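Annotated features, as they stand in TrEMBL:
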type     : residues : note
TRANSMEM : 7-26     : transmembrane segment
TRANSMEM : 32-56    : transmembrane segment
TRANSMEM : 68-90    : transmembrane segment
DOMAIN   : 101-192  : domain 'DUF7088'
DOMAIN   : 216-428  : domain 'ABC-type uncharacterised transport system'
REGION   : 421-613  : region 'Disordered'
COMPBIAS : 456-476  : compositional bias 'Polar residues'
COMPBIAS : 564-584  : compositional bias 'Pro residues'
COMPBIAS : 598-608  : compositional bias 'Pro residues'
TRANSMEM : 679-700  : transmembrane segment
Amino acid sequence: MKLKKLLKYLFIPGLTLIAAGITIRLSDANLLTLGTGLLVAGGVILIIWLGFLLISAQGFWGKRSTQVGTNAAISTLSVIAILGIINFLAVRYSTKIDLTENKIYTLSPQSQEIVKSLKEPVKLWLFDNAPSSLDKELLENYRRYNSNFEYEYVNPDQNPGLVRQVGAKSLGDVYLQYRDKKQLVQTLIAFGNKELLSEIKLTNSIEKILRDRTLTVYFLQGHGEHPLDSVEGGLSEAVASLRDKGYKVEPLNLVQRSEIPKDADVIVIAGPKQDLFPQEVETLKNYAAQGGSLFILLDPTVNAGLTPLLEQWGVKLDERIVIDGSGAGQLVGLGPATPLITNYGNHPITKDFQNEMSFYPLARPIDTLEKKGVEATALLLANEQMWAESDLTSDQIAFDETQDISGPFEIGVALTRAFTPAATTPKTDTPKPSPSPTSPEKQPTTEVKPSPSPTSPEKQPTTEVKPSPSPISVQEKSPIEIKPSPSAEEKQQTKQTQKQTEPTPIPDLQIPQTPAPASSPPSNLIDPEQEILDPTSPNSPTPSPSVNREPQKEQQKQVNPSPASSPTPTPKPSPTVSPSPTPKASPQQKQETEVKPSPTPTPTPPKESQPEKEIEARMVVIGNSVFATNGAFEQQLNGDVFLNSVQWLASGDEQPLSIRPREPENRRIVLSKVQASSIFWLSIVVFPLLGFLLAGITWWRRR
């Protein structure tokens, strides 16, 4: 009987073991074996319990209590299984839903893109004794997007060596390390007050430490442009944001400084009121022609003398003013002359701006014309409910089809211009290819040095061969110009003339008797149809005599190609020659007899004429400058448009562009002690007791 009673309630430990196994498996990955064992044990106990019920009680399943209990058990098991599956999926696929207004628990698009682009490890060091849970959550968000981002909390008291290694100077310092570079991000504790880690500062620090150099932005001044100071209409907020991103910002006056600094990565022309001098415009044109980047912000009715520069890029400014007829700007306190832009072009500057707002008070349309080598992309687009108004003097502003233009049209454009810089090629002589034996054209000069005479130890003169349409010219002890013979008859006549020349005896002639093979120039270097009848040549009818070319008798004789030309005398060989073997030429003489033609008949162009790498210049033009001034810069996406434009102009596509992070707003409610105590007693004591009291009253009435 006792065993039957125990088996009757055996389902309780079975369900308990199953619940424990599920909980252990979901909570700790190191105890998966234990959790699996508990699940198996609980399942076996439940099977035994069910088998006992089927055997011991034939009418057990027909009882009402059994049906109710079975339904309750199945419902309980179903709930446990559903909760287990939900927890399993939550642990395996963690996701968050940020319902805050400024998305303070979610990284901004720019932070996400920068962290995703990390290709090498970047480590963050936080020197703090009591780390904040919010800071940990922020850092976990960074690490979730890329495992190359690492962070570590360091207790300065327990690890002073690491403090000295990193260079931390005070408690709460946050340092970023990339390769061998270290950079201070933020100090969390200042004057006893502790602040949270800023996403803006951390993202800007990552962006700065990834750069190889400091980028410099110059703001043109001297023509009524917006000042860089913290005044109304100034650009101090924009300048501060650029410096936070690691840019060097400087003013530039081209009247005081006639040339643009070499370290200028971007030149910003923000709202000039007067025209630039033609010399200044020419300087800017030359800067752009060398691959420079320009950021031009021009308000209506002012062209500032930049029309020649803009025409080179195919940009045409319209003198009308953009009117927003949708009334959307009036809902947020803006007039019809302040277009609220929500349409953006497909460009890296604005690719993540869709359905976000930016506004441009008193803006002008911009038109782009086709220009060779220039690629224009729209940045800011007016919608169909906007138009460009030409008459602002009337009391009522309305669209006029005859004078105004309707949207969509462009308010801002980004342009790139690819070109090859002009090559400065110095004057060089025409390359001299090797002579062709069959070409009648004028051939380049080739120096031919004859083999040494076997009868004379003296150094022989150099013979220079210069093919040309003229006949052979021979000069004693000077280069001999050999030029293609126009006919075989003339060559035969030249041979006969040379054979009839009488040799002149040379006194004290010494003939070396050392036998050696003759050294002669290669036969393929001279036209086979041309013959040079030198007494030292093996083709001569007589043995090779020595030749004495007297300096005082140097005279150039030319043989004209006509048959009537006079014969050209050749150097007279010595009559006393013994048919001895040809002596071995010395190395110096061998070197003199070598003929060194060009390796290829095709001339090689000089290095300066090789095609150079293309240079890409960039420009951004926006028909408004007020959007970047103090007060408007931090509103909506105005600052993002400005900063992304500068970054695209300065660093190209090296770093991703997106919406920058925002400072979280402090929405905390500060409670007094009385208010905090009241909330505690009401939520913990009063309301629970009230619930139990109402439940008891309901139960009493039913009885």
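Glycine too: its Cβ is placed from the backbone N, Cα and C atoms.
The largest share of C-beta pairs under 8 angstroms with the transmembrane segment (68-90) comes from 7-26, of the ranges 7-26, 32-56, 679-700. Taking Cβ pairs closer than 8 Å, the transmembrane segment (32-56) reaches residues 4, 7-8, 10-11, 13-25 in its own chain, all 6 or more past its ends.
Secondary structure of the domain 'DUF7088' (101-192), assigned with DSSP and counted as helix (H, G, I), strand (E, B) and coil, comes to 28 helix, 27 strand, 37 coil. Below 8 angstroms of C-beta separation, residues 671 of the same chain, each at least six residues beyond the ends of the transmembrane segment (679-700), sit close to that stretch. The average pLDDT computed for the domain 'DUF7088' (101-192) is 90.
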